[in-house]
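Feature annotations, reproduced from TrEMBL:
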{"type": "SIGNAL", "residues": "1-20", "note": "signal peptide"}
{"type": "DISULFID", "residues": "Cys27-Cys464", "note": "disulfide bond"}
{"type": "DOMAIN", "residues": "34-464", "note": "domain 'Integrin beta subunit VWA'"}
{"type": "DISULFID", "residues": "Cys35-Cys45", "note": "disulfide bond"}
{"type": "DISULFID", "residues": "Cys260-Cys300", "note": "disulfide bond"}
{"type": "DISULFID", "residues": "Cys462-Cys466", "note": "disulfide bond"}
{"type": "DISULFID", "residues": "Cys490-Cys499", "note": "disulfide bond"}
{"type": "DISULFID", "residues": "Cys501-Cys515", "note": "disulfide bond"}
{"type": "DISULFID", "residues": "Cys530-Cys535", "note": "disulfide bond"}
{"type": "DISULFID", "residues": "Cys612-Cys617", "note": "disulfide bond"}
{"type": "DISULFID", "residues": "Cys614-Cys660", "note": "disulfide bond"}
{"type": "DISULFID", "residues": "Cys632-Cys635", "note": "disulfide bond"}
{"type": "DISULFID", "residues": "Cys639-Cys648", "note": "disulfide bond"}
{"type": "DOMAIN", "residues": "639-728", "note": "domain 'Integrin beta subunit tail'"}
{"type": "DISULFID", "residues": "Cys645-Cys723", "note": "disulfide bond"}
{"type": "TRANSMEM", "residues": "729-751", "note": "transmembrane segment"}
{"type": "DOMAIN", "residues": "752-798", "note": "domain 'Integrin beta subunit cytoplasmic'"}
Amino acid sequence: MDLRLLLISTLLGTFYNSYAQKEGNECIIASAKHCGECIQAGAKCGWCKDPAFLKQGEAVSTRCDELQSLVKRGCNVDMIESPKGERKILRNKPVTNRKKGGEKLQPHEITQIQPQKLNLTLRSGEPQTFDLKFKRAEDYPIDLYYLMDLSYSMKDDLENVKNLGTSLMQKMSKITSDFQIGFGSFVEKTVMPYISTTPAKLLNPCTGDQNCTSPFSYRNVLNLTSDGKQFNTLVGQQQISGNLDSPEGGFDAIMQVAVCGNLIGWRDVTRLLVFSTDAGFHFAGDGKLGGIVLPNDGKCHLEDNVYTMSHYYDYPSIAHLVQKLSDNNIQTIFAVTEEFQPVYQELKNLIPKSAVGTLSANSSNVINLIIDAYNSLSSEVILENSKLPSGVTITYTSRCKNGVVNGGENGRKCSNISIGDEVTFSISVTSKGCPNEGMSDTIKIKPLGFTEELEITLNFICGCDCQKVGINKSPLCHSNGTYECGDCRCEDGHVGRECECSSNDVATEDMDRTCRKDNTTDICSNSGDCVCGTCECKNRDNPEERYSGQFCECDNFSCDRSGNKLCGGHGRCECRVCVCDLMWAGSACDCSLDNTTCMASNKQICNGRGTCDCGICKCTDPKFQGPTCEICPTCPGVCTEHKECVQCRTFGTGEKKDTCEKDCSYFTLIKVKDRDKLPQPNDAAYPVMHCKERDANDCWFYYTYAVNNNTVKEVHVVDSLDCPAGPDIIPIVAGVVAGIVLIGLALLLIWKLLMIIHDRREFAKFEKEKMNAKWDTGENPIYKSAVTTVVNPKYEGKC
């Protein structure tokens, strides 16, 4: 069972590795038939246009591979087609640097993003990256349009808004010197059941003695103007109206304010829309209650400053509003009462670059609300792009204040930006394949709420330069195709390496016969297809493995292996035979011809006791073993081995003193005066063994043993013995006697001290007993009286 599990695990691992390799090489997967298909497969792909590149049996698609693989297979770098994308800046006006009160500039003269126009040439899979700067300009012009709910519940609010113009002008003058303000109002669609359509209610929808104006959907009261007094005058003339249901038709009004820019007077500056109400809102689909089913068309329908199609078109959807507000660079401030704060907070989350402020019951705080909301909106920049062509993707990375870097969806924005702060966005554009069939396209990137934008022209690389100089109807292709990029690109109906065959004749018996090796039954060795009488070898799942040869009989993966590596990792497989690298040999290139691995520590090959075979020592002396024949478990130590010979040749002593000349002439003896003169390991150019041995008289002698570079054995020895000195008897005897005397005196002193302590304790005990004795010297303690007194217990003293 364990063996079967191991086999399954191995097979699964092999399959996974093969699959991973295939997934990783998109160039091979593409099976490209021409250069254009190849470069569209991925950014790493290249096409070898060398006519002699393909080996016999290799398919045209093998010209397409990763660049390093093509070079490794023998394609010269100059013969590889791999075009690269490029980035060209067409307009790069610097962002505006000026202070409030400085030079007066027109809105179109102020620049807050850089660059303004780019040209990108994109190759499939290769991103083009550029930086976009954004800087909030100081004293930037602002247009603010105040859109107010004039239903009856807003009566007291209208009184406070009547003086809004001049007051807001004063406040905004601290932010910008170029400020315009406008005013519009809304109530509801003028159909049932939103309002009462009785004649009396159409004239005065309010009850009792309240005098109200006729209901309306949306009215533009004042175009954007820099005259705050005119704002106060016109708003002061407005009257409250009324409707039946609680939600209002504010979405109709917002849509008209957004799309009727020419009538409202919007400039290409910061555009703010303040939406003030104390109620909810109707949205798409609610119009069915009044019999209105046509979707809002998102177009301007103002006549005499009044929305005339409220009864015809349904309310706009939230998504429709988001699109129109974004297209017209309008930032929305919802000034609503506390009751509806949660509703508009949710709406704000759906509308980018919008804010919500809590309106007091009578709108007395509206100016502070607008200022706070504007500061909140302007402190955040969010980039958006227009619709991208199919196959094109874009990513953002923001580098904001204080070194904050954001990626992913947060890479589009930066927060807490003050006036004069500069932030940078790194933008990467990538295409896949050949979008738009190679036609150029244009996209735009802009900060939400701003009119400035970056225009990018996208050009797509869909073919190779070598295709442009292709020879149509080339004789090299039997006039049935175009010779381009080193090979024939056949016309429809023709196949073959040179387009020499008709696609109807590719499977004839005569053609198949030429694809069989030695008249065998296997066509193309079962490793290829017979196309036009010529074998085209199949591709393997692993892109590194290939069939080749006239009959696909060769491959580069069936050679011998060593260490689970093809050709031992020291050669290449050609037609199932290993071609070894320099200094390697063997059927699996596993035999190293380098003998450095056999070098022993004494710089001898295999320590002089073996031969070096394929980089491994084979010891000829059976006593020695190890990778360099230096280990001898049964041999005595080097020092012990040469002790007797060194002793006899230096001092004329030892067991071999009688046979010294015969047995001990195998080394050169060099005498030195002291141990400091002996060779040291760091000084010698060869290993040196230091020895310390003892003779029969317990004397030590010191020497070194080494084999020099000329393989001569050398012994350096100190010519004097280190013998121990004899003991000094007199001090030893004196010490022993003194020790005995001192120990005796110490014992006597201890005995005397113990006796003194004992006597003192006995005397103290006697004194204590004497003090406790109590004698009365006036009375004999032995005397007893002769009189005995008896008492009758029953006697009670009565006669």
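Placed from the backbone N, Cα and C atoms, the Cβ positions cover glycine too.
Shown here: features listed in TrEMBL, placed on the structure.
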{"residue": "Cys260", "record": "disulfide bond", "Cβ contacts under 8 Å, 6 or more apart": "Asn220, Cys300, Leu302"}
{"residue": "Cys462", "record": "disulfide bond", "Cβ contacts under 8 Å, 6 or more apart": "Gly36, Gln40, Cys434, Glu437, Gly438"}
{"residue": "Cys490", "record": "disulfide bond", "Cβ contacts under 8 Å, 6 or more apart": "Cys477, Asn480, Gly481, Gly496, Cys499"}
{"residue": "Cys515", "record": "disulfide bond", "Cβ contacts under 8 Å, 6 or more apart": "Ile523, Cys524, Gly528, Cys530, Gly533, Thr534, Cys535, Phe551"}
{"residue": "Cys614", "record": "disulfide bond", "Cβ contacts under 8 Å, 6 or more apart": "Ala585, Gly586, Asp590, Cys591, Ser592, Leu593"}
{"residue": "Cys645", "record": "disulfide bond", "Cβ contacts under 8 Å, 6 or more apart": "Lys656, Cys660, Asp663, Cys664, Tyr666, Phe667"}
{"residue": "Cys648", "record": "disulfide bond", "Cβ contacts under 8 Å, 6 or more apart": "Gly654, Lys656, Lys657, Cys660, Cys664"}
{"residue": "Cys723", "record": "disulfide bond", "Cβ contacts under 8 Å, 6 or more apart": "Asn697, Asp698, Cys699, Trp700"}
Neighbouring C-beta atoms (10 Å sphere around the C-beta of Cys499 (disulfide bond)):
23
Can you give me the Cα-Cα distance between Cys612 (disulfide bond) and Cys501 (disulfide bond) in Å, rounded to a whole number?
59
Among Cys45, Cys464, Cys617, all listed as disulfide-bonded residues, which has the most CB atoms within 10 Å of its CB?
Cys45
Among Cys27, Cys35, Cys530, Cys612, Cys639, the one of these disulfide-bonded residues whose Cβ has the fewest neighbouring Cβ atoms within 10 Å:
Cys639
Separation of alpha carbons, Cys501 (disulfide bond) and Cys35 (disulfide bond) (Å):
22
Residue among disulfide-bonded residues Cys466, Cys501, Cys535 with least C-beta crowding, 10 angstrom cut-off:
Cys466
Looking at the disulfide-bonded residues Cys45, Cys501, Cys617, Cys639, whose Cα is closest in space to that of Cys464 (disulfide bond)?
Cys45
Could you tell me how many residues in the domain 'Integrin beta subunit tail' (639-728) are helical, how many are strand and how many are coil under DSSP?
20 helix, 27 strand, 43 coil
Taking Cα atoms as reference points, rank the disulfide-bonded residues Cys27, Cys466, Cys617 by distance from Cys639 (disulfide bond) and give the first.
Cys617
Sequence-remote contacts (6 or more beyond its ends) of the transmembrane segment (729-751), Cβ cut-off under 8 Å?
none
Quick check: of the disulfide-bonded residues listed here (Cys27, Cys45, Cys466, Cys617), which one has the Cα closest to that of Cys501 (disulfide bond)?
Cys466
Just checking the disulfide-bonded residues Cys27, Cys466, Cys617: which sit within 10 A of Cys45 (disulfide bond), CA to CA?
Cys27
Whole-number Å distance between the CA of Cys466 (disulfide bond) and the CA of Cys27 (disulfide bond)?
19
